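K.L.:
Once you've had a glance at the structure underneath, I'll fire off some questions.
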Amino acid sequence: MTLNAESEALVGVSHPLDPLSRVEIARAVAILKEGPAAAESFRFISVELREPSKDDLRAGVAVAREADAVLVDRAQARSFEAVVDLEAGTVDSWKLLAENIQPPFMLDEFAECEDACRKDPEVIAALAKRGLTNLDLVCFEPWSVGYFGEDNEGRRLMRALVFVRDEADDSPYAHPIENFIVFYDLNAGKVVRLEDDQAIPVPSARGNYLPKYVGEARTDLKPLNITQPEGASFTVTGNHVTWADWSFRVGFTPREGLVLHQLKFKDQGVDRPVINRASLSEMVVPYGDTAPVQAKKNAFDSGEYNIGNMANSLTLGCDCLGEIKYFDGHSVDSHGNPWTIENAICMHEEDDSILWKHFDFREGTAETRRSRKLVISFIATVANYEYAFYWHLFLDGSIEFLVKATGILSTAGQLPGEKNPYGQSLNNDGLYAPIHQHMFNVRMDFELDGVKNAVYEVDMEYPEHNPTGTAFMAVDRLLETEQKAIRKTNEAKHRFWKIANHESKNLVNEPVAYRLIPTNGIQLAARDDAYVSKRAQFARNNLWVTAYDRTERFAAGEYPNQATGADDGLHIWTQKDRNIVDTDLVVWYTFGMHHVVRLEDWPVMPRQNIGFMLEPHGFFNQNPTLNLPTSTSTTQTGEADTCCHNGK
């Protein structure tokens, strides 16, 4: 079968990398339900675009629209992968996954778990013994169970942490029910275990941030309006964006959220490729507390929860300011119904202070140019935390990836007056929040002036001949194989890494390059023999470089949910020790936040910035922003006022 003209119009596909539309998702589900997934027991984990091969895209050949689907058959308690040809109407591949593989959770499975816990007789009775009888105020928060050496016998499990509210709008995180965990089997559809250990008094002090609890808002801050009277400087055609010298395509997947494709920079009229594909690959949040419940908190928010599905519908004026372009995100619920996250991705421009300036004191003249950046973002809510993910593109060719962490701490209970060395007391009523980390990995499929790239490590070194003691230099070392490219940051050596193209030379006959500035380059704090370290080995180092393989997509492997970490992921792929010199390669950078909790993080956390920079390093022959015009501002009378020129 092929899509008819009416369906094609609904699909709205203009490029092979465009995400699947709702029509295409519905079609893929229908094809699967008419075929191998006909049974009512099947649940859909994800249906997304099967991206064409890079060779086909470069060649410009016609490619079929295909969908990758992941499903679970609850009756068999087994998982499957499928490839669907949307134009032919066929299932081209149907693969039974290994018995121990558990795909990510779906959003409606979280609601299913909470509802089942609230109705379970054993749970109700156990809570009643703790004096909690109004189940409408009890909140069950499903987490992944992780892996701690146990045999879960192929069961697809969630573990629910439990909190309680004083009233409907009260923050439940102020009132954790400690040492009380409910295990729910999604395939069996029932509670299978209850861990009800030492009861600790539920903290009663509130921790609310809603206006009705906080009181009147301050009135001394005057309006700060963002105006662009001539509109935004970007042009959008479908999912293709051009802005200043940048061009790229916007993508969205249930697993990664925002994806950037075919990132190019126009230099002297030529579109030069920089990165073929860039996205969040994985993240893990391990907790450092030894308390029984807290010690098993280590969520892989991308690989276990499909963080793209948790994207917010963004609101003008609150999440993004200025002239905004939104992109919707399409996904599927567990029953195969397409659904849309409206305004899942936000794109806008921001002023970014000065870009360059010089005052010629001899002539008494100054030249200043202001910077601006293009911001492409999405924000995901993962239970208590919010993660805002940003790609920033700058006029000088720089790129920034930034995570802004906010939301509410994951809290725990202790006896009033206790001081837990593994966390911060938030009040004197027994509430604390454990120390933890937020570890992120970003995958960047570089294509710097072409496919054949290489990576250098650059360290500061002192020469042997150094009579004044002031000499130091930057020394490049080529990373030749995957094993040699497993690296850690080193601030003492001012280390950074360069991605270069030996076949493309700049003005001084050096390979063109970009450099990765490894800010926030922390590593996993857990011991190497800890289960979370074995599962999140990507977080034990900061830099990984692999030879391109389209099947190697996620740093902790394709399916980290309940996985041991022994079979998949960067640490497995790099054992091949493939050549990474003058070849198609992928750069993976791990960074994070070591979150030592403070009182100011409660009851809602001021955002914390975590990220890194990519900067051109000999990619251009000179500063590429010399052609920027002098800037103007608008006065209160509405007249243009030149704010960046001589004599002002």
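Cβ atoms here come from the backbone N, Cα and C positions, even for glycine.
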K.L.:
For the Cu cation site, Swiss-Prot lists HIS436, HIS438; sort out which one of HIS261, HIS594, HIS595 goes with them.
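P.N.:
The candidate from HIS261, HIS594, HIS595 that Swiss-Prot ties to Cu cation along with HIS436, HIS438 is HIS595.
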K.L.:
For the Mn(2+) site that Swiss-Prot lists with ASP445, PHE446, give the additional residue from the candidates ASP301, ASP577, ASP582, ASP584.
P.N.:
ASP584
K.L.:
Going by Swiss-Prot, which one of CYS318, CYS320 is joined to CYS346 by a disulfide bond?
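P.N.:
Its disulfide partner, as Swiss-Prot records it, is CYS320.
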K.L.:
Which of the binding-site residues SER302, ASP445, ASP584 has its Cα closest in space to the Cα of HIS438 (Cu cation binding site)?
P.N.:
SER302
K.L.:
Can you give me the residues near the recorded Mn(2+) site, meaning same chain, not ASP445, PHE446, ASP584 themselves, Cβ no more than 8 Å from the center of the site's Cβ atoms?
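P.N.:
For the Mn(2+) site, the extra neighbours are ILE275, ASN276, ARG277, MET444, GLU447, VAL451, ASN453, TYR548, LEU585, VAL586, VAL587.
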K.L.:
So among CYS320, TYR385, HIS436, all listed as recorded positions, which is physically nearest to TYR305 (substrate binding site)? Use the C-alpha atoms.
P.N.:
TYR385
K.L.:
Would you find the one among the recorded positions TYR305, TYR385, PHE446 whose Cβ has the most company, meaning other Cβ atoms within 10 Å?
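P.N.:
The residue with the most neighbouring Cβ atoms within 10 Å is PHE446.
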K.L.:
Please report the Cα separation of SER302 (substrate binding site) and HIS595 (Cu cation binding site) in Å, rounded to an integer.
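P.N.:
Per the Cα atoms, SER302 (substrate binding site) and HIS595 (Cu cation binding site) stand 19 Å apart.
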K.L.:
Among the recorded positions listed here (CYS320, TYR385, HIS436, PHE446, ASP584), which has the Cα closest to the Cα of ASP301 (active site, proton acceptor)?
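P.N.:
Going through CYS320, TYR385, HIS436, PHE446, ASP584 one by one, the Cα closest to that of ASP301 (active site, proton acceptor) is TYR385.
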K.L.:
Just going by other Cβ atoms within 10 Å, which of the recorded positions ASP301, ASP584 has the emptiest spot?
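P.N.:
Selected from the recorded positions ASP301, ASP584 on minimum Cβ neighbours within 10 Å: ASP584.
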K.L.:
Going by C-alpha positions, which of the recorded positions (CYS320, TYR385, ASP445, PHE446, HIS595) is nearest GLY308 (substrate binding site)?
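P.N.:
Looking at Cα distances from GLY308 (substrate binding site), the smallest one goes to TYR385.
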